[in-house]
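Straight from TrEMBL, the features:
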- 17-43: transmembrane segment (TRANSMEM)
- 55-78: transmembrane segment (TRANSMEM)
- 98-115: transmembrane segment (TRANSMEM)
- 122-141: transmembrane segment (TRANSMEM)
- 161-193: transmembrane segment (TRANSMEM)
- 237-258: region 'Disordered' (REGION)
Amino acid sequence: MSDLGDWFRSIPLITRYWFAGSIAVPLVGKLGLVSPVSLFLWPDAFIHRFQIWRPITATFFFPVGPGTGFLYLVNLYFLYQYSSRLETGAFDGRPADYMFMLLFNWICIVVSFCSSSNFEKYFDSSLLMIPLIMSVLYVWAQLNRDMIVSFWFGTRFKACYLPWVILGFNYIIGGSVINELIGNLVGHLYFFLMFKYPMDLGGRNFLSTPQFLYRWLPNRRGGVSGFGVPPASMRRAAEDQQGGGRHNWGQGFRLGDQ
C-alpha cells in the first residue's frame, strides 16, 4: 500500500485530482450511493431545471460494467499518461496555465453538448470524460507532432496522428466516434488559439489565463521538464520572442517510456 501511495503522490497535482475524481465518481455510481442518472449531463435538466452539478459530475463519471470496463480503463490510462506529460512538460511550473487549458476545453465541450437541439440523436452518451481526455491528448500530440510514437502491435507513426489512431481504436473497442471527435476539435481549437495563431502566424493571443488562477495556483520555479518539443516553426517563433519567458517546451518523451 505504501508503494501505491507513493505512486499516487508522485502524480502531478492537477492530474492527481482529475485522476482521483475519475475513479471516485464512477465508484460512487457503481455502488449505488448516488443514482448514475443524476451524474449524466442532460442539457434540459442543466439549463432549465438548474441542476448545475451535472457538467462537473459528467466530467468524472463513466458507467463501468462488463461492456464498458475495458474502455474505461484505457481512457483512464490516457488521462494519467498525457495529462501528466503536459502538466510536467510544456506547462511545467505553470499550474494556472494548465488549469486554464482544462477549463477552456471543458467549457467548449459543455457548450458543444448543450447546444445541439437534437442532442440524443447525435451523442451516444451524456458524459464528458472521453472528450476532455482526448482534448488533452490532442494538445500533447501537436506539441510533439514530429516525434515517432509506438502503439499496439508495434505500429509506429508520428505523434500528430495519435489522436486519430486512438479515435479509431476507441470506436473499435466500444466508444463513440462523436465523443472522440469533439475532443480532438476542442483540443485543436485551444492549440490553434494558444500556440499556432500567435506564434506561427503572428496573430494576437486571444487566450489569457485569468489572474485569479495565478493567485490560486502560483507559478513556481524549477521542477522537471522534458516532455514536449513544438514544431520547428514554433521553436523559431519562440526563440524570436525570448525574454518574456512564457513557454518552456523542454525535450521529447517517447510513448511507452517509463
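Residue numbers in this text run from 1 along the chain shown.
Heads up, the Cβ atoms here are built off N, Cα and C, so glycines get one too.
Keep in mind the model is a prediction, meaning the values are calculated, not measured.
Long-range contacts of the transmembrane segment (122-141) within the same chain, counting only residues at least 6 positions beyond its ends with a Cβ under 8 Å from a Cβ of the stretch, are 22, 40-42, 55, 58-63, 75, 78-79, 82-83, 85-86, 89-90, 101-102, 105-106, 109-110, 113, 116, 159-163, 166-167, 170, 175-176, 178-180, 182-184, 186-188, 190-191, 228. Same-chain residues lying 6 or more positions outside the transmembrane segment (55-78) and placing a CB less than 8 Å from one of its CB atoms are 18-19, 21-26, 29-30, 36, 38-41, 46, 106, 110, 126-130, 132-134, 137, 166, 169-170, 173-175.
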